[in-house]
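Read through the structure below, which is laid out as structure tokens, and then see the notes.
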């Protein structure tokens with residue numbers, strides 16, 4: 001008998017034991033011959049059955065070939081398994097092979113369908129989490145809006161933390177979505193999630209670097225002098241880094257932004273006046289008369305001291321005087337609040353918190369959400385003070401913007417948006433002023449006063465860069481400030497020759 005494996009051997013032994021048991025009483029043998037043979041065969045059969053039963057009750061465990069062992073010999077169990085496989089493979093027919101292939105294809109197809117169903121369920125669960133997180137973020141953002149009016153610093157802080165937390169959850173869900181759905185297109189698509197995370201980190205690092213550079217630039221420029229071109233590169237709102245604490249240098253930088261925003265709004269207003277065919281000279285004389293009537297150097301002369309191509313300085317002076325009116329009061333005299341006197345330390349902290357929160361906001365978007373907040377009331381008050389109804393009707397042919405402002409709303413026009421840019425910078429400057437201890441003291445040059453270069457800066461540049469002798473103030477253009485560290489932000493003035 002040729003044996004092809006241990007299992008085959010056991011089956012053969014069983015057959016032999018049965019053969020001896022069933023054929024031991026054959027008719028070809030006599031009774032005397034069979035008795036001793038039967039005893040021998042019975043003993044032999046019992047032995048075979050005991051061995052077989054022991055083997056069946058204690059099955060062999062297949063042992064994997066150990067890679068670390070460099071022995072060229074295979075284990076006995078592996079050889080038996082291979083022989084058994086070969087034995088059954090040799091006995092299998094071609095029909096069974098074909099049937100197996102068909103079953104294998106069906107199994108693969110069922111497996112793919114199952115994976116697709118699992119994928120869909122995973123995406124459904126993910127989308128439910130996304131919708132829940134978005135709803136939570138909206139609720140947190142509503143609380144953030146409510147904390148603005150009336151202003152509550154603690155509620156603002158809590159709501160801000162909640163909004164940021166929900167945004168982070170959304171970022172995590174976004175990465176999960178990209179990982180789950182981005183592995184089939186291409187290798188570039190598979191790596192998109194990782195690249196996105198790296199990109200976000202790079203942006204955060206770059207943002208921190210810009211903030212550090214801004215702080216260093218502010219701290220290294222404490223003399224009050226501004227490098228040319230610095231303010232122009234920072235004119236867009238929200239670009240400049242937000243400092244951690246209020247500083248005198250930050251106040252100086254914000255004042256530069258106020259002047260740039262004032263120039264921009266003045267240029268637009270002057271352009272509209274030209275388009276409406278205004279008599280610019282008459283308008284300038286009216287501005288001069290309003291300025292002269294408030295100081296001791298009132299002059300009854302009706303002739304203008306401003307040349308035709310310097311009308312923008314007179315208009316800038318008019319706008320600056322209107323928008324800075326009430327700057328010394330904590331609410332621009334919009335109410336009778338005395339918080340800065342009752343609890344000065346807390347009021348200073350609240351002012352700087354408002355400054356940090358508002359610094360990066362778009363004023364139009366803010367007023368679209370909270371039109372009647374303190375800043376919204378400030379904008380309405382100053383717009384109505386600067387743009388008289390007759391002026392608006394002359395410039396635009398109607399009073400639509402004036403009506404909206406009177407009703408407590410804020411127009412979405414280009415002109416009003418330009419005005420909001422100026423209003424925001426002045427509001428931020430005001431918050432900074434009441435954040436500092438001691439606060440800056442405001443001063444303004446009077447008409448006809450002697451020119452003092454340490455406190456004044458002429459808006460018209462003279463040849464050679466030096467102001468000639470005998471120059472006096474024709475009218476103030478914008479106020480100056482004396483800071484607590486001793487530095488001075490010079491007042492801007494329009495100079496004329498003494499007559």
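Positions of Cβ are set from backbone N, Cα and C atoms, glycine also.
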Region 'Disordered' range according to TrEMBL, out of 67-105, 106-144: 67-105
Helix, strand and coil counts within the domain 'GIL1/IRKI C-terminal' (443-494) (DSSP): 3 helix, 22 strand, 27 coil
Model confidence over the domain 'DUF641' (120-186), averaged pLDDT: 77
